[in-house]
């Protein structure tokens with residue numbers, strides 16, 4: 001009997017626990033003001049019930065026939081308790097088979113949850129890839145990256161896409177590259193064989209191609225180096241820079257296996273010395289044209305080009321015919337701080353920007369390096385272009401049917417203005433697009449680009465048209481110092497013809513200009529709707545009397561505009577060199593675009609940057625667009641060192657003009673070694689710590705300043721610093737677009753440590 005009583009007590013306690021648990025679950029629920037009901041009478045009966053019982057009929061539930069959703073007119077939106085009396089009244093109606101008040105349900109995605117982006121990969125340098133994920137060293141830096149991780153989370157990693165790097169070779173057996181190496185995308189045009197392996201030397205001169213390839217396709221989760229932007233893509237290397245470069249070699253490289261290679265990445269070009277004007281030869285130009293017409297089975301090869309590192313030399317990438325080509329996507333750089341680096345060039349042909357190195361103290365780019373090593377010091381626009389190529393590979397995996405012009409439109413329409421808004425020079429063109437001669441249309445946004453490229457919604461852009469505008473009666477116009485030539489160019493943009501243009505893409509101004517000092521010319525073009533673009537800025541170091549011969553100045557700044565109306569060309573020389581003279585001999589305006597507006601452009605561009613929410617700009621230095629008074633050679637030599645008896649206020653007043661204090665002999669010796677490094681033979685012994693400096697302290701002081709801040713000297717054709725840089729960079733006629741001086745400094749620091 002006692003046993004039976006104990007059993008009953010246990011049973012009662014168990015029921016009590018279950019009842020408490022059920023009520024506890026209900027207590028945690030959030031009931032909403034919605035009731036689902038099954039009503040066999042259909043829509044008419046449901047409407048009648050709603051009117052009689054004080055509900056709003058929200059409609060049928062999905063595809064379920066005779067199932068309807070109601071909202072009560074006098075019930076709160078959410079409640080922790082269910083409204084049993086309302087539910088009972090509804091379910092008691094003879095026309096209702098079943099009724100239930102709705103409540104919130106907790107659901108979680110069945111993906112692997114990571115604590116942070118830092119835990120995504122086991123590659124040791126992944127946490128240093130700040131440009132792919134936010135790993136700010138200080139809170140003052142903006143929270144910015146290229147927004148690649150959300151694309152990876154969709155499973156898009158570059159699979160099936162082939163990229164080749166045109167450079168000085170590829171260490172294809174590198175642990176972090178080998179799994180993604182594609183021999184069919186590789187060739188050695190320097191030695192004329194199928195192996196692009198780089199030539200080793202004591203200075204590791206030929207590391208550039210391997211570094212660029214690593215940025216694109218470093219393998220993920222293999223405990224080596226970092227992670228490539230398109231880490232499941234295939235990558236090849238074209239060895240063509242480690243030897244004599246000819247037009248034929250360039251053409252062969254640019255046009256290598258276009259039926260197999262999707263993207264060509266190039267981080268080199270003519271000398272960025274501020275005085276060279278050069279572009280593709282006849283053969284290379286034909287290779288570009290063939291690539292966009294026949295490459296990728298007629299969809300067009302994607303050519304990605306680094307915009308150039310001649311900023312400190314006052315160079316202008318409109319004088320570089322590779323970045324100035326309508327067939328290339330020209331990519332510039334932004335620093336970790338979201339600012340334009342001191343080496344970056346300004347021009348009207350730059351389409352967009354990705355990240356790279358900035359000031360001496362900023363983080364640089366991580367990649368694979370020679371001898372199966374890794375690096376975190378890849379620099380310059382050399383490092384920016386491969387990141388862009390990797391992003392384009394993600395887009396091609398998402399939509400393999402994109403054409404070469406589709407890719408350019410995607411870049412224009414999704415690149416971000418907001419992350420770089422602190423920089424001067426932004427303007428809105430006639431199509432409502434923000435554009436800047438430093439950054440093109442802004443910072444690449446991988447997620448936005450891939451989302452827009454979705455094959456379910458993307459429509460290929462209309463057929464490309466070309467309209468040539470010229471004045472057959474034009475007579476040569478003379479130009480002198482402090483003078484100007486203004487040419488008004490009315491056009492109907494081939495209206496009524498098969499090649500009529502209503503929506504612009506590229507604009508080319510082809511001209512022959514004879515002038516006694518080419519670098520003093522300034523050329524602007526103003527579109528029919530008023531967008532003014534600098535086609536050529538002055539270049540202090542360009543003293544050539546050769547002018548321009550049928551040179552194409554290209555601009556993307558009027559993208560999306562209607563070209564109909566009067567354009568205005570203005571050529572000036574404000575140098576004050578009264579001996580200057582010349583003339584504009586002939587010209588023509590070449591409009592590229594479409595006869596109808598592309599589908600994605602029928603609604604205005606809305607700038608809703610993902611960075612707007614993430615980026616805390618507090619503490620981020622703002623750039624001010626002012627012209628600083630530049631020191632003359634005389635004043636620089638007279639004020640190099642801060643006197644010991646100078647007052648603190650005087651020192652503070654000169655902070656923008658010079659670094660306080662005398663540079664240490666250790667730093668001067670470091671710079672001396674960097675300048676001398678390329679001149680040393682393989683057998684030359686290292687300089688001893690007590691070696692005498694062969695370059696004056698004053699010149700080092702100037703060089704040290706210009707590592708972080710470019711400037712020119714009034715009253716002299718070239719600065720001493722520029723002379724040293726010319727010597728430093730004179731090893732090859734074609735220049736890698738990394739920062740070799742910074743690389744040399746870093747190498748020496750690493751050796752000493």
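Keep in mind that glycine also has a Cβ here, set from the backbone N, Cα and C atoms.
Note that this is a predicted model, so its numbers are computed, not measured.
The candidates are 173, 401; Swiss-Prot tags 401 with the feature N-linked glycosylation site.
According to Swiss-Prot, the feature region 'Disordered' maps to residues 633-663, out of the candidate ranges 571-601, 602-632, 633-663. Shown for the domain 'P/Homo B' (460-597): DSSP residue counts in helix, strand and coil, namely 3 helix, 72 strand, 63 coil. Reported as a whole number, the C-alpha separation between residue 374 (disulfide bond) and residue 382 (active site, charge relay system) equals 17 Å.
Residue 167 (active site, charge relay system) has 382 as its nearest neighbour among the recorded positions 225, 317, 382, 467, 494, going by CA to CA distance.
The highest number of surrounding Cβ atoms within 10 Å, among the disulfide-bonded residues 317, 374, is found at 317.
Residue 208 (active site, charge relay system) has its Cα within 10 Å of the Cα of these recorded positions: 382, taken from 225, 317, 347, 382, 401. Among the recorded positions 317, 382, 401, the residue whose Cα lies closest in space to that of residue 467 (disulfide bond) is 317.
Residue pair residue 382 (active site, charge relay system) / residue 401 (N-linked glycosylation site) shows a Cα separation of 28 Å.
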